[in-house]
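Taken verbatim from Swiss-Prot:
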- 1-20: signal peptide (SIGNAL)
- ASN93: N-linked glycosylation site (CARBOHYD)
- ASN106: N-linked glycosylation site (CARBOHYD)
- ASN136: N-linked glycosylation site (CARBOHYD)
- ASN157: N-linked glycosylation site (CARBOHYD)
- ASN172: N-linked glycosylation site (CARBOHYD)
- ASN217: N-linked glycosylation site (CARBOHYD)
Amino acid sequence: MKRTIIILLFVSLFVTFVLSQIPDNDPELCQQRIQREDCPQTPVPWGTFNDNDEIEVYYMQAPVFEAVFGNFFGKLGGYHSAIGFYDLTTGLNYTAEYDAFFEVGNGTLPNIINVDGKDELLWCNAGILCTVPYINETYWDKNIYSTASKTYMGTINGTQLNQYIEWMQQYNISNPVYQTWDVWNNYGQDLFVPSTTCDDFTQQSIEHLGSIGINYNCSTVFKRDYINLFTEKPQPIDFTEHYDDIFKFYEAVLEIKEGSIAQIIERILSIIGLKKYIYVQGEYYLLELNYPFMNAKYDYITLPGCPANGIDYENGNFIHLN
């Protein structure tokens, strides 16, 4: 219960960002509070690399919400991640990362807005691949944020990087929605809904680079975040039939941040008696949560070609919804 309350308090931080960026009845409903110039609608392809370019690959992590909280969430294992490329031949550097286009809060929870006198749920949960021809050395610098890191993963050539660029642009097309939650029956084994976050992109980048020839040192520590829900198989429902219960649930979650700590805890506990829902690819699903209900993990990932020491994505029983 204590860990569940901590996770819900963490979610309430997301809620703060959600509610503060949407003015009441604003006709331009989904707007980025801060426009990321390095997150264009179409990712920068970086051009074509010479076949013999020597390029070092790095797995980069920095604490989430670092501008406000510094290292706080990094100490709890809460990170944003990206892949960095250092072209030793040309001296140029590149970053590839995936993010919520309208910020993480909107990728996690809806906004409740009034349309013609009726409350509606507005989701602004687009995901976007951000690619820039540089590496922000300050953001990923452990001398500035002690929990930040850049981990050398291996070296590739220009041909392999060109292949990766094609793959990452297809990833952007195939993953248009940011999904915060991994929805499991049993952690690491039975997965109903996979998340689509920065960590999923970096993990799949590492896997794809392995498939096109990078050789990993199996002693390299490769870890990532998971924000997990635990449930029996989610059941698809009709939105109109469940309208009232869906609104009660999301209103309760969105109100968590209001009031004193005691009131916040009271609101968290009040959610226990409500029906729980999740929104996946345009559909709502009813959840029957099971123990431990929800948690966050900073866990190992097995590198391609190495002995399993974390979640085995090749051999796991990934059930999914369909």
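Backbone N, Cα and C define each Cβ position, glycine as well.
Nearest neighbour of ASN93 (N-linked glycosylation site) by Cα distance, taken over the glycosylation sites ASN106, ASN136, ASN157, ASN172: ASN136. Here the glycosylation sites are ASN93, ASN106, ASN172, ASN217; the one with the fewest Cβ atoms within 10 Å of its Cβ is ASN217.
Cβ neighbours of ASN157 (N-linked glycosylation site) (same chain, under 8 Å, six or more residues apart in sequence): ASP51, ASN52, ASP53, GLU54, ILE55. The DSSP secondary structure for ASN93 (N-linked glycosylation site) is strand.
The DSSP secondary structure for ASN217 (N-linked glycosylation site) is coil. If you take the Cα of ASN172 (N-linked glycosylation site) and the Cα of ASN136 (N-linked glycosylation site), they are about 21 angstrom apart, rounded to a whole number.
When the alpha carbons of ASN106 (N-linked glycosylation site) and ASN217 (N-linked glycosylation site) are compared, the span between them is 37 angstrom.
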